[in-house]
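Scroll down for the structure; my scribbles are underneath it.
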2 protein chains.
Amino acid sequence: MIPVNPDRFLQDLHTLRGFGAAGLGKGVVRPAFSEADIAARKWLAARFAEAGLTPHFDPVGNLFGLAEGPSLLMGSHSDSQPEGGWLDGALGVIAALEVARAARDSGGPPVSVVSFQDEEGRFGVTTGSAIWSGTLPLAEADALVDHAGIGFAAERAKLADLAGDFVDPGRFTGFLELHIEQGPTLDSTGGQIGVVTDIVGIRDMRITFDGQQNHAGTTPMHLRRDAFQALAAFTAEINAHFSGVVTPATVWTIGHVALHPNASSIVAGRAVFSMQWRDGSAERLDRMEEIIRTVASEVADARDLSLSFGPMLGLQPVAMDRRLFAALEEGARQVAPGRWQILPSGALHDSTNLSNLMPVAMLFVPSIGGISHAFAEDTAEDDLVAGLRVLAHAVPRLSG
Amino acid sequence: MIPVNPDRFLQDLHTLRGFGAAGLGKGVVRPAFSEADIAARKWLAARFAEAGLTPHFDPVGNLFGLAEGPSLLMGSHSDSQPEGGWLDGALGVIAALEVARAARDSGGPPVSVVSFQDEEGRFGVTTGSAIWSGTLPLAEADALVDHAGIGFAAERAKLADLAGDFVDPGRFTGFLELHIEQGPTLDSTGGQIGVVTDIVGIRDMRITFDGQQNHAGTTPMHLRRDAFQALAAFTAEINAHFSGVVTPATVWTIGHVALHPNASSIVAGRAVFSMQWRDGSAERLDRMEEIIRTVASEVADARDLSLSFGPMLGLQPVAMDRRLFAALEEGARQVAPGRWQILPSGALHDSTNLSNLMPVAMLFVPSIGGISHAFAEDTAEDDLVAGLRVLAHAVPRLSG
């Protein structure tokens, strides 16, 4: 086992929490390319250098701490949701840093570290690792805008002065990502470690209904082309149509809605909203997409609205690499006997993209109450350290 | 008939359109207390003074042009919707100005002019005239905030240096308001003038569903407390429950929606939205309110969400004063023989509030395509002048 230092690990984790601290619990506000995100990445680059790793920003804000020669890659992301927790992504980056520097100090195997950019999807879905892995062409990414209309190209330019080329994935032998579960499974069963079997696929599409903006007092109901009423009808229809297709593990979400002009005395002329769905089966994701497109067209036609679909961002379900999975499983046995289990990941991770470049595997620690993507997100420090120790056990098994 | 000057009237109307011009058609962006709204009011005050009227701002931004002694009051409002037309409110203010100055120049009866503030409801519903008429206490108004969270008290302070006391309504013998119809009736029947019989009542309430913000990938559908799904269910339920209660003239609108945190990868923890409904019967407005409150509670209980209702702003249906109505009717006969009709107002107007203070009556001219509260709002200039002429005929009938 690599002699990791839990205190140093926890201290760095709490220091990182200070960048974009929400002032509510341990919450952070550190979306991709925000001032807090950029400051955090510069701080991380300095930590990497102290650990004897070469800091390297690629053209889209992914930050690497590179060991010399071939190495295992470990990490996650340090950007957060608009209202995020302190561990989502940050845990995997700091755990990787601790393992890498402990390995280096103790003459262990070479480990490189990475913090990917915009995993939380301000511009898309796992934007930074999607670009590096080739699943999202850079030109396409540059055309993406966030919900405020700000472009990815303009935001990544903020780091242009520090940016080098994209890193050659060929130098890495595999990728390990430690992450909080972000769901209720481990917490509700008293589990301390989860070894991930596979990651569900996800699709995320922006849909727009265009109707007729008009006066809310003088336009009779039967003459209205109300974009919000269309959205409400679409929502009910989708729920009904999915019932015959989905499993209890399938999820779908309309989390972002923008009405235009969004005033109480005006019939909404336009509704733009996000439609996101996740499942372990690529076939089921396809069938859900067909239903979404069909129902949206039917709702638009029935109400004389026009309909448009934004670019769909998607990631296929991914199975973990057997060799890496086995190493994590053995580590879990050592560190948390009787308190570990295997489980799928309902959440999307950078590992999904990296599976296109190299073998990947993931490890989970519990989320208290299953809460994540919220200021209240937290995990017991014993569990955080347990996750670190599993990695410290697994890494030596993977060298040579 | 008072010898009004149509060219001078149209010229002033087009000049007013320059304040907050949207640059799209004749559209204007002049919400209450915006820079454009304040500049327009200062320009109006100067026109009033030129016409021999005494400009007077009251404490909430209502601008009067006062004739000496007892007088008829005429006018409307000069604020606009976030995306408004050039005639909504502005027509009534400039027509009143033209009649008042033509009457003064020709030794006619004394006419005072008014432009009420925030008729469009940035903060409430016909805020300025509601305060003046006593239907909205000033302390209550000062606590109102717009959808951006800006308070009425802070906004009205922008005009504090110009503000005098509230005007004594006792000095006015009645109120006449010329307005565009903002609906399809006159335009679709080739009518040029509409004499209003009554104004429908309106209620407008902010409703909030509070659920649980959580990760859109790891929270199973059956464990979600999704505030947007509650809003969609509420919308469908309301439509179903209203069907047995409403008439073809009844309207209801959800025009403003704000989800929190409003991100595609997060189950919405909160939905705040506007519920507005209008009808000519006070009893029906009551029954609809009961349904809204009951359905919202049922939806919240069924999904384990908490529910809160904002302050409800409301105005009762109002019948026009017979004497004023008769004078407008006679004017319509003279100016537009065979091309005028009587009709109710589906839109809300400042006249509703003024009916608490003095006799009121309203006159409509057509809206092309029935379009209003949009940049495309327009009316043929012949019809605008016809409306002016009807007022010029009616006013002498009302003096003494």
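Any Cβ shown, glycine's included, is placed from N, Cα and C.
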TrEMBL has A:Asp88, A:His373 down as binding Zn(2+) 2; which of A:Glu50, A:Glu68, A:Glu120 does it also list for that site?
-> A:Glu120
Take the domain 'Peptidase M20 dimerisation' (A:201-300) and count its residues per DSSP category (helix H/G/I, strand E/B, coil), listing them in that order.
-> 38 helix, 31 strand, 31 coil
Tell me, what is the mean pLDDT of the domain 'Peptidase M20 dimerisation' (A:201-300)?
-> 95
Closest of A:His77, A:Asp88, A:His179 to A:His373 (Zn(2+) 2 binding site), Cα positions, binding-site residues only = A:Asp88
By a three-class reduction of DSSP, A:His373 (Zn(2+) 2 binding site) is assigned coil
Give the number of CB atoms, excluding that of A:His179 (Zn(2+) 1 binding site) itself, located within 10 Å of its CB.
-> 28
Sorted by position, what residues of the same chain at least six away from A:Glu120 (Zn(2+) 2 binding site) have a C-beta under 8 A from it?
-> A:Pro31, A:Ala32, A:His77, A:Asp79, A:Ser80, A:Gln81, A:Gly84, A:Asp88, A:Gly89
Look at the binding-site residues A:Asp88, A:His373 and tell me which residue has the greatest number of other C-beta atoms within 10 angstroms of its C-beta.
-> A:His373
Helix, strand or coil at A:His179 (Zn(2+) 1 binding site), per DSSP?
-> strand
